[in-house]
2 protein chains.
Amino acid sequence: MEFMTGERETQVSTLREIFEEQPLGKEVAVEGAVHSIRDMGRIVFVTVRTRDGLLQTVFEKEEHPEFSGLKEAMCLRVQGRLRQEARAPRGLEIALEGLEILSAPAAPLPLPIDKWKLNTSLEARLNQRALALRHPRERAIFRIQEGIVRAFRDFLWEQGFTEVHTPKVGARSAEGGANLFRLSYFHKPAVLQQSPQLYKQMLVGVFDRVFETGPVFRAEKHNTKRHLNEYTSLDFEMGYIRSFRDVMEMETGFLRHMMEFLAQEYYQELKLLGVELPSVEQIPAVPFRQAKELVAKKYGRAVRSPQDLEPEEEQLIGEYFKEEYGSDFVFVTHYPSGKRPFYAMEDPEDPTVTLSFDLLFRGLEVTTGGQRIHEYGKLIEKMEARGMTEEGLEEYLDAFRYGMPPHGGLGIGLERMTMQLLGEENIREASLFPRDLSRLKP
Amino acid sequence: MEFMTGERETQVSTLREIFEEQPLGKEVAVEGAVHSIRDMGRIVFVTVRTRDGLLQTVFEKEEHPEFSGLKEAMCLRVQGRLRQEARAPRGLEIALEGLEILSAPAAPLPLPIDKWKLNTSLEARLNQRALALRHPRERAIFRIQEGIVRAFRDFLWEQGFTEVHTPKVGARSAEGGANLFRLSYFHKPAVLQQSPQLYKQMLVGVFDRVFETGPVFRAEKHNTKRHLNEYTSLDFEMGYIRSFRDVMEMETGFLRHMMEFLAQEYYQELKLLGVELPSVEQIPAVPFRQAKELVAKKYGRAVRSPQDLEPEEEQLIGEYFKEEYGSDFVFVTHYPSGKRPFYAMEDPEDPTVTLSFDLLFRGLEVTTGGQRIHEYGKLIEKMEARGMTEEGLEEYLDAFRYGMPPHGGLGIGLERMTMQLLGEENIREASLFPRDLSRLKP
């Protein structure tokens, strides 16, 4: 009988080990793909792309004629001695002594993965996504995206939240608007969830504080640089709040933690992309109406739609708070009631607005949140005032009937957060396999 | 202008703080729901349910007539002095001095949340899910489930994996079988992904090692105790493997880490549920055919379907390895080629079987994995032999055309793992909001 013990001896080093330990003169082995080949006549440089970066290797043609068949995109296991080389990236290279070809491509690469920048159109990169992502700069985007999610979870665990997994397929409810994808679920009509909202609220009654990081689906017919039809939402909901400010403070705490965590754990990727992290000492919070007035006044702009922020207005609010307060972030609070969902709590001092907020990051909404109605009677009242039926909301309403603490929460669009942090122009740059009006594959 | 700093002063203690620091005689404040009320005549015990457990509080009626209106499921903020009380759970209680009612239920609870066990049918508990989950034992299941996911991610990050988010809606491909949910995506036919398989393989070419924890959708018409139509899959895929054993070793490493992590971080919940964690020193691995023969011989059972393991056979294999080797886990390897997907790598020594495995945990399959074909030519050959077209697999095949390392991976069913670990009889017990043939809500 064979047994697995979980202990795997490996003779192969990671780049992190090599650059940290610098075992000069020692033989090391590395696995990776041939990223680029530079034939200098007598000697040949082969850059190997591993999961944690690029490593220069080198051999002399005369000494190793058997290495002559190397091609870009081959997967290799190489051995050699580590030595200092000032002209090599990060000052180290491997003088190749042995080499095993693990696999070879069937055709030459159609994208210049080995160039410093992939100067191809976004369209071309999305069509060849699995290949384009191999470029170190493309790959770095998603390493940093991973860091955002890790920071989110780590911070919330530290704050006593429980992670949950709620279903993405569900019965249609009175809440759902027109922006739902519909499907047939064993001959019953069903929809894809546009948010875990109702589930995370129900679960506040169970765990007090919950979060989820998962996909959400919006059948919106927007074809813009900032909309996706499927994206990853970072959601949390917390009970026993004293005010909707508690939710904004929690998000501010997360953002501070996120910046520290990225600076510490993802500095290689940030450096590669030339990203400077914004400082998040404090985030200004401005009421919706005041925000509109401030930018109308400063930028000489007429207030056209008093109930909404137009994209251009969001951008100007972002600029205003950058110029006046040096902040890349701003909370816009107290959105008009008519524009918020039925569960949003109205401001007792002015019921035309809600105890809600959006977070703008460099002029783009990256979060929507607020306090929710927690009293059963008030929820029913609000639904009636909106002409909503209880259909499909029975269990949600039950949670309130049997007691819920005051609570609030938010949802952060992961791709938007990534896009703004990295200064990308199009949200599709921040999605591994974007889904938009026309793109359903790869 | 108001500013958020992320620093929130709170006067409220968590139970963890109270039980660790034991500030006897000091005034403490706690927030939570009224879990149970025991009126003893002169004094009243009010157990408060907080996010990290139950706490006994007590008051004298004569001293505090203003506390008399307390009801089950009210949400409270209470203050009082902490004191030792041998008969209280964990030996501490709060003598109530102040109390603020944050919310009150609109109706009495229809489920006995305050009882030691919720002696109601699974059906009743699922119909009132948001309420049933408030029971400490129900809640503990999902706290432990959180721990499994955390352990999975933590272990894989430590091993150099990158976390990815792949789309759940996609174009239909030649791979998909009959078990796909179909939907219309802006007038184009689309499906819900039954696994992130093809995406994680493409991403091995990018990050070498990737994992994802997310929902998968199977339109299987099974109505059993171990099938869900939407579940959470813990998937990983790793490049540069030498053998499919590397994948099994990685999973064994994860399981060892998981048990340690749960024992350390979720001991309260394990204790509450009376769960003893299995030991995972080593896991036996037995080839499919041999496994069938072993149980046929030991339990006098005829081998009926030579290409498949019947559920009863899985259970007997589990029993066999528990009895003979004391192991709760067993890898069954080398499944017949015909029963594995097109991307499964055949054993060069016997092409009728694949370099694949299932992991059985107490007689139930909780993982399917194996080595994948990484050579473009072989993949095309296999597809042709199966009569498959390349439709919808163009980008997947491109990843191979342009070079892929040898790789393999697996998918773990989170709810099955939770169910087996906790000794639950029905997988619905291990899903917050299960989706089955008849259940689409809540």
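For all residues, glycine too, the Cβ spot is worked out from N, Cα and C.
For the ATP site, TrEMBL records B:R218, B:A219, B:E220, B:R226, B:H227, B:L228, B:G413, B:L414, B:E415, B:R416, and the single candidate of B:E269, B:E276, B:E281, B:E365 listed with them is B:E365. TrEMBL assigns the feature region 'Aspartate' to residues B:197-200, out of the candidate ranges B:37-40, B:169-172, B:197-200, B:317-320.
This prediction places the mean pLDDT of the domain 'Aminoacyl-transfer RNA synthetases class-II family profile' (B:142-442) at 96. Taking the C-alpha atom of B:L414 (ATP binding site) as reference, the shortest distance to any of the binding-site residues B:R218, B:T368, B:R372 belongs to B:T368. Taking all protein chains in view, 19 other C-beta atoms sit within 10 angstroms of the C-beta of B:T368 (L-aspartate binding site).
Across the structure, B:E365 (ATP binding site) and B:R218 (L-aspartate binding site) place their CA atoms 16 angstrom apart. Distances between the Cα of B:H227 (ATP binding site) and those of the binding-site residues B:R218, B:T368, B:R372 are shortest for B:R218. Among the binding-site residues listed here, namely B:R218, B:T368, B:R372, B:T368 has its C-alpha nearest to that of B:R416 (ATP binding site). For B:H227 (ATP binding site), the Cβ neighbour count at a 10 Å cut-off comes to 18, with all displayed protein chains included. Every protein chain shown contributes to the tally, and the Cβ of B:R372 (L-aspartate binding site) ends up with 28 other Cβ atoms within 10 Å.
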